[in-house]
Amino acid sequence: MEKGRWSSEDAPRASMPDELSHPKFSEWKFKLFRVRSMEKAPVQNETPVEKENQPELAMEKTSSQGSVMRLCFGGKSKENVESARGRVDLKLQEIDTHMNLLKNMCRLCGIAIQKAKGPSHEVQGVLEESSRCALRRMGCKLVTWPEVILKVFKVDVTTDMETVHPSLFCHRCWTAAIRGGGFCSFTNTRIPDWKPHTSQCNLCFPKKSSFQRVGRKRTKPLKSAHILPKRFRRDSSESSRVWRQTTENPDGKEWLKLSVQRGQWVKNITRCQRDHLSTKLIPTEVPADLIRAVTCQVCDHLLSDPVQSPCRHLFCRLCIIRYTHALGPNCPTCNQHLNPSHLIKPAKFFLATLSSLPLLCPSEECSDWVRLDSFREHCLNHYREKESQEEQTPSEQNLDGYLPVNKGGRPRQHLLSLTRRAQKHRLRDLKNQVKTFAEKEEGGDVKSVCLTLFLLALRAGNEHKQADELEAMMQGRGFGLHPAVCLAIRVNTFLSCSQYHKMYRTVKATSGRQIFQPLHTLRNAEKELLPGFHQFEWQPALKNVSTSWDVGIIDGLSGWTVSVDDVPADTISRRFRYDVALVSALKDLEEDIMEGLRERALDDSMCTSGFTVVVKESCDGMGDVSEKHGSGPAVPEKAVRFSFTIMSISIRLEGEDDGITIFQEQKPNSELSCRPLCLMFVDESDHETLTAILGPVVAERKAMMESRLIISVGGLLRSFRFFFRGTGYDEKMVREMEGLEASGSTYICTLCDSTRAEASQNMVLHSITRSHDENLERYEIWRKNPFSESADELRDRVKGVSAKPFMETQPTLDALHCDIGNATEFYKIFQDEIGEVYQKPNPSREERRRWRSTLDKQLRKKMKLKPVMRMNGNYARRLMTREAVEAVCELVPSEERREALLKLMDLYLQMKPVWRSTCPSRDCPDQLCQYSYNSQQFADLLSSMFKYRYDGKITNYLHKTLAHVPEIVERDGSIGAWASEGNESGNKLFRRFRKMNARQSKTFELEDILKHHWLYTSKYLQKFMEAHKNSVKAMQATFNPEETPEEADNSLDVPDF
């Protein structure tokens, strides 16, 4: 290859996109040169070339008025060719001179290339090997100069035009780019503002005076390849506006012929002299019509990779692409509009004729006639025969396809190139017609009419990609994601506002499209999902509750009547009003409600009343949540969360006794369905503060049970009644709310009045006797002591009630804490069996520590269970398995004890599904039927083989497991569905929201956590997250590359564990 030539793969502009008709063409607003028509004298002498073009001249007369650009490419008309000397328009020579001046200038700093010592470099080229290696060592992986220039000098050179911008940059700018490592520039390079050539061009006609200072040398004129002749001056004496020259060509240069001038101009744009074959190689015997048919209408060379325009003219693919990009999308022959995407391959017969065309071999030693399709191989054989020192091969003549090059040129004076004022003037009549049509047919919607016209025009032009984009925008879809989708992604990936905004800007800058929505649109979407947006009404109105519906996050202490003697509350609390939160949750389930009505074949318009909503309430303390940051008052570093879950929605039709369930929560123990209501920094053992905060919640709850909610669902007003079931509490919280003594009390159970001794003697036969109303009556007896009894007698009468119950709880068993409590008990049994406590009644503390260490090592070895300080849900699930007890039995010496342990675990594993299952009658009917028998067998085994441990004592949860599970399942249908597991999982979300995207202030962070947690549980957003699950995982890995340690499951406080 010759030096300086490019192959099709290595071409400097190979990365230019195929869509040369840029959609922002109208924004560029190129200023076109104004060309005035010229009257010239008739032609006296015609050259043979001009005579050959007589048919073209006749054809031109029938077409539109010729332009200067048509003159460039051989189009002749009376207005353009009338001079005896065949001179062309002077403006063409001015542009040619302007382009030659640009070739000597630096694109980046504007200085002359000769002033910067060192080689020049192609702006649109690829990196040389030395430059690429130098930048690669500094971490830059770019491969083309346009990318490096954009990165270093912040200049986009991919849209440069040859008639406006220089194509080279100097060695100084190259040095600056290399020193900056391809990322930045350490020199302050001022980028010139390159403008198209005009009559006042500063480059061609510099305004600088000839003398810079008195007494100095005259400045040297700018070097140029062409010396401009004298400027024309206009003679306005005649109305024909003839152009005359002031001197008779003083330089002695003769005017170039029109065809020669045209050829020079084309060479500057197509640059295909070395790549395309001349038509002179065709034998003279070939008819002239055939030669014209196989000749490119742009470069006058033999067709290379021929394409055909819709107007039936033939061009080289590379030449027509460069031509349209430089001078506008017009056909060089007929001046019709030409879209490069509409170019097609000619007919196969024509291509076969072109391939079989005989050509004369250009080699002097050879005079063979060679077919065009084998011409390249024939020439290669000649070059291989020459053994030259220079490695020059004929692959210079790229006879394959050619890559488009971003060459410039002044565009045709098109509608898009006009100013806004000129566009309005030109389209005034059309605008009036469209407006009249829109008012008559489309109700005055001019925008829709114009967009539809544009859409139809794109479809007619086969530009379906752009048409699809326009149609998506018209339908409101567009490229960008819906604000609700962006909100769902932000909430579920735990992004703070600043993190999301950074992602939004990065994606927008990288892709050039606004895929993600800005933060203000997300805030608008939030308002519809948060409580306080939807209107509603209560009939009758709620007692002691405001009738306003637009209530957001409020202070948790609002509604607390403060007396003079009260001290300020040592807590911070934020909550939603209970009724407002329930309304927002129902509106979030609106689609599910309507879908349930359709599935049950119920008439939507008839179902406006009789709806019943069952709500599960949960409350739990989170323990220590201390943070190092946070301004505000000193508050306890413990927190309590109160939440609710809509379990089911049913409707009772008129005349029907049974209700029809139209919505059933499929995941009642998921954190996605457990909605937060109240957050507070308070110790759950602080009865007074907890009562003060939850008191207003209890009042709102009581008022709602006596009223009906009227709300619009599915476009119709419908009435709902609410039933609340407080089941998501652990035993500690139940005792706190029902006013019972602590869990170490003699009265072991929160469901019956049994003492610990009674429960150990009779482990199975007990029934539920406690209730909220009974506890209130017993509190009054405890407070008043009407029978004047002693303390022990009074305590025995009230069965462990020692404080006023302030919230009604459902007498039930919490499945999660039952698992944790029973696993803790089994862990202690395993220790005792390893140490053979049945033979040693009073072991020392050191012995117990040794047994525990042995058990931990065995569980770590066999079950991969790491020791924990407090029993949690995950550990309990792994411990209560057949594999775990078999591993423990390896450490038990006695065969009889091993069999007893295995039987004990087998019985437990048969009973466990009954209280863990969401619907035991469906999921495990056999275990449900055998539960009473299994529990009796379990109790007998404890009383006999493990009497050393259960002689006069038993744990609280073990008593409930053996005595009360069948009764609860018979009454409620399930225990597992009403567990507190969802609230416990929500505790982990509290910590994560607090760490990731909450303001670092105790006063405001509760509001942020409450808001984000509510959005996290939105069913509406969860549907979007299902569709975008994979993108969310990728984004979460991008913004949170370091995995945060999993929060431990909330534990049951077992002091001796």
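Even glycines carry a Cβ here, placed using N, Cα and C.
Marked as region 'Disordered' by Swiss-Prot: 1-21 (among others).
The compositional bias 'Basic and acidic residues' annotation in Swiss-Prot covers 1-12.
What Swiss-Prot lists as region 'Disordered' is 39-61 (among others).
Within 10 Å of the Cβ of Cys299 (Zn(2+) 1 binding site) there are 28 other Cβ atoms, across all protein chains. Marked as Zn(2+) 1 binding site by Swiss-Prot: Cys272, His276, Cys299, His301.
Taken from Swiss-Prot, the feature Zn(2+) 2 binding site applies to Cys296, Cys299, Cys316, Cys319, supported by similarity to another entry. In the three-state DSSP classification, Cys299 (Zn(2+) 1 binding site) falls within coil.
Marked as zinc finger by Swiss-Prot: 296-335 (among others).
Annotation comment: Swiss-Prot describes Cys311, His313, Cys331, Cys334 as Zn(2+) 3 binding site, evidence class similarity to another entry. Using a 10 Å Cβ-Cβ cutoff, Cys334 (Zn(2+) 3 binding site) registers 18 neighbours.
Sequence annotations record features per position, and here Swiss-Prot assigns zinc finger to 357-386 (among others) based on sequence analysis.
Annotation note: Cys366 (Zn(2+) 4 binding site) sits in a coil segment as assigned by DSSP. Per Swiss-Prot, Zn(2+) 4 binding site is recorded for Cys361, Cys366, His378, His382, and the stated evidence type is sequence analysis.
Per Swiss-Prot, DNA-binding region is recorded for 408-475, and the stated evidence type is sequence analysis.
The divalent metal cation binding site annotation in Swiss-Prot covers Asp620, Asp730, Glu984.
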Check: Out of Cys296, Cys299, Cys361, Glu984, the binding-site residues in the record, which is closest to Cys311 (Zn(2+) 3 binding site) when you go by Cα distance?
Finding: Cys296
Next item on the list: Could you tally the C-beta atoms, other than its own, that fall within 10 angstroms of the C-beta of Cys316 (Zn(2+) 2 binding site)?
Entry: 27
Checklist line | Of the binding-site residues listed as Cys272, Cys296, Cys299, Cys319, Glu984, the one whose CA lies nearest the CA of His382 (Zn(2+) 4 binding site) | finding: Cys272
Next item on the list: Quick one: of Cys272, Cys311, Cys331, Cys361, which of the binding-site residues has the smallest count of other CB atoms within 10 A?
Entry: Cys311
Next item on the list: Measuring CA to CA, name the entry from the binding-site residues Cys272, His378, Asp730, Glu984 that ends up nearest Cys316 (Zn(2+) 2 binding site).
Entry: Cys272
Notebook entry, point to check: Relative to the Cβ of His313 (Zn(2+) 3 binding site), which residues of the same chain, six or more apart in sequence, are found under 8 Å away?
Noted result: Gln297, Cys331, Pro332, Thr333, Cys334
Check: What's the CA-CA gap between Cys296 (Zn(2+) 2 binding site) and His276 (Zn(2+) 1 binding site) in angstrom, rounded?
Finding: 10
Notebook entry, point to check: Quick one: Cα separation, His276 (Zn(2+) 1 binding site) versus Cys361 (Zn(2+) 4 binding site), in Å?
Noted result: 14
Next item on the list: Give me the Cα-Cα distance between His301 (Zn(2+) 1 binding site) and Cys366 (Zn(2+) 4 binding site), rounded to a whole Å.
Entry: 22
Checklist line | 10 Å Cα neighbourhood of Cys299 (Zn(2+) 1 binding site): matching binding-site residues from Cys319, Cys366, His378, Glu984 | finding: Cys319
Item checked: binding-site residues (His276, His301, His378, His382), the one with most neighbouring Cβ atoms at 10 Å -> His276
Item checked: Sparsest-packed among the binding-site residues, when each Cβ's other Cβ atoms within 10 Å are tallied, from Cys296, Cys319, Cys366 -> Cys366
